[in-house]
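Single-structure report; data block below.
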Amino acid sequence: MNTLSPNAISNPILDFFAFVRRPDAAHIVTSRKAKLLIIVSLLGLSILLSVAGNVVSTSIETFIPMETEHIMAGEDEEFLRYMAIAGIPIIPFFEEVMFRLWLAPNLLFFFISFSLVTIQFAPMPFIDLLRAAGLEPIAPLVKIGFYLALGGLIVLWFWWRDRRGQRYADFFHRYVAVYYYVSVIVFGLLHLTNYTTVGAWWFAPLLVLPQLIGGFIYGYVRIRIGFWYAVLLHMADNLLFTLGDVMNMLFGPLGGVVWLAVLVLSSLAIVVVTFKQSLVLGEKAPLQA
């Protein structure tokens, strides 16, 4: 009887839930084919959890009046054009760069993600001083310069520690759970900017429950099998749910319901097969830069 190595991965779904409970900085050493099988398994899980999350988020207003309004509400054709041009091929790439590129012991990746997120979403620094001096038009340039400098100072501090034997890789491995959970929370909550109005802010995280779920899964994929596989999974998620909107536009609500049923049943089949198969898909090893 063969005994599996304690680092062997045969069920990526079980490994995902174990990772969420206790993140570790280990990647899966395996073939490209096995990595794609892992992506398929997690795509099935992602769809099921996202559908459940959408049910929760769209049911909120039934029980808790929140006066929410999505920025694309009532603009089906414009929304589909946006998704086809940007939402499927482009937005997933940039979101992965912003929120998950830094999930590796690499200071350049940290600098890129930190700079992009802060420049895009952080408060405008010194805005009152700039207004008082009549320099408000240059506020965006000041913001870019400020957060690039701040990111650079953080990187320089880690580099200084690294030169003295306190390796950034060791720091990352020690605090990988903090990195992971921060990436999930920031990714989810920043999607609240998709809404023009949000009442009852204490329930607002439920509006972005699907994005929080996505953050957990994409972050796991980024650490376990790599950045580009997280991009691939993110694109696949967006594509499959956008096809549901297309079906709804072409064939009415029935088309959307049929597509959703096909998506859910297919995802259930993928998850069942994942639990029934006994192939070893790879082994965990310490994550490298």
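Each residue, glycine too, has its Cβ placed from N, Cα and C.
Where the annotation comes from TrEMBL, it is an automatic prediction and has not been curated.
Summarising the annotation, TrEMBL assigns transmembrane segment to 36-59, 79-95, 107-126, 138-160, 172-193, 199-220, 227-251, 257-275. Summarising the annotation, TrEMBL assigns domain 'CAAX prenyl protease 2/Lysostaphin resistance protein A-like' to 174-239.
It is 36-59 that, among the stretches 36-59, 107-126, 138-160, 172-193, 257-275, forms the most Cβ pairs under 8 Å with the transmembrane segment (227-251).
By the count of Cβ pairs under 8 Å, the stretch nearest in packing to the transmembrane segment (107-126) among 36-59, 138-160, 172-193, 257-275 is 138-160. Counting residues per DSSP class in helix, strand and coil order gives 56 helix, 3 strand, 7 coil for the domain 'CAAX prenyl protease 2/Lysostaphin resistance protein A-like' (174-239).
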